[in-house]
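Q: Have a look at this one before I ask anything.
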């Protein structure tokens, strides 16, 4: 079916202060000084009261984690300002909003005509009662309710959900700033798990289409501009080109131009992510298209089901961590990927489809397993 390549204390009671003489009127000044020094010395040896985590916790000002009632402004948060906290955006109009940090959850309510960039969100991003929004979002869960006309460049680990929303358009996340890769890691998100085009409409209307995909050549800057040069974000090096994006640009559920696809799997190692990015660069430079990617953990029984005849040789490789899989598409892609495996990744632990006769089955076996594993 395919081929693979490998290389080998309890708290102490505080001491009591030494008692100063009170009844001995003959005590000299030197005696008193010495006694005082002794007392001070005893105090200095006392053990400090035990501190608990809630004693050390910094006080949080809720206003630092909200943007409310703003109009015609460029606002947001710089890297390092949220550090995994929750964030709220509400009642903003005609604003450019840049939240360039990782967070726990973000809710956006009653905003109109805003351009928004949200750094990686560990939990959910929830838009409610918003209109005319253009945004770049990376999150675990994405949901909208009662929204109209949104253009979303999305990276979402689970299936995005829209509810009572119309005029929704989606594209693949394309964004870069220097801290973004670290923010993905801090938020527990994989750049390879992106279901941006797999939208679930919770309230479909017969005969109407509430959502669609943005044109394949859609450019982020045409929807979400860079920060104002006079704003606090002017020092952040932002890029929106697909080749610079932290998240790989995938075709998603759009129709493929070729019937030939290839499964390419990297097993866990020190350079798995770098190798996957290199393969994408090599393949796209030759005109092939990246359809989808996944990063998942596998068990021995999963290997048997997915890789079938090659399972025995691959089982030991899955113990080192998750695998990263890519589907590449285009006429001649299988032969090209096998050449990449031999010439570029020789000695790397990987699996690549053996022939175009079995490659479609390889792709279906792996990504059906991955979707089940992730509950999609």
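Glycine is no exception: its Cβ is also placed from the backbone N, Cα and C atoms.
Okay, so Swiss-Prot annotates it like this:
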- 1-55: region 'Disordered' (REGION)
- 2: N-myristoyl glycine (LIPID)
- 3: S-palmitoyl cysteine (LIPID)
- 25-48: compositional bias 'Polar residues' (COMPBIAS)
- 49-204: domain 'C-CAP/cofactor C-like' (DOMAIN)
- 123, 124, 140, 141, 142, 143: GTP binding site (BINDING)
Q: When you measure from the Cβ of residue 142 (GTP binding site), how many other Cβ atoms are you left with inside 10 Å?
A: 27
Q: Other than 123, 124, 140, 141, 142, 143 themselves, what residues in this chain have Cβ atoms within 8 Å of the centroid of the GTP site's Cβ atoms?
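A: For the GTP site the neighbour list reads 105, 121, 125, 126, 139, 156, 158.
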Q: Report, as a single number, how many Cβ atoms besides its own are within 10 Å of the Cβ of residue 140 (GTP binding site).
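A: The answer is 18.
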Q: Could you pull the average pLDDT for the domain 'C-CAP/cofactor C-like' (49-204)?
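A: The predicted confidence over the domain 'C-CAP/cofactor C-like' (49-204), as a mean pLDDT, is 95.
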Q: With every protein chain in view, how many other Cβ atoms are within 10 Å of the Cβ of residue 143 (GTP binding site)?
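A: Residue 143 (GTP binding site): 21 neighbouring Cβ atoms within 10 Å.
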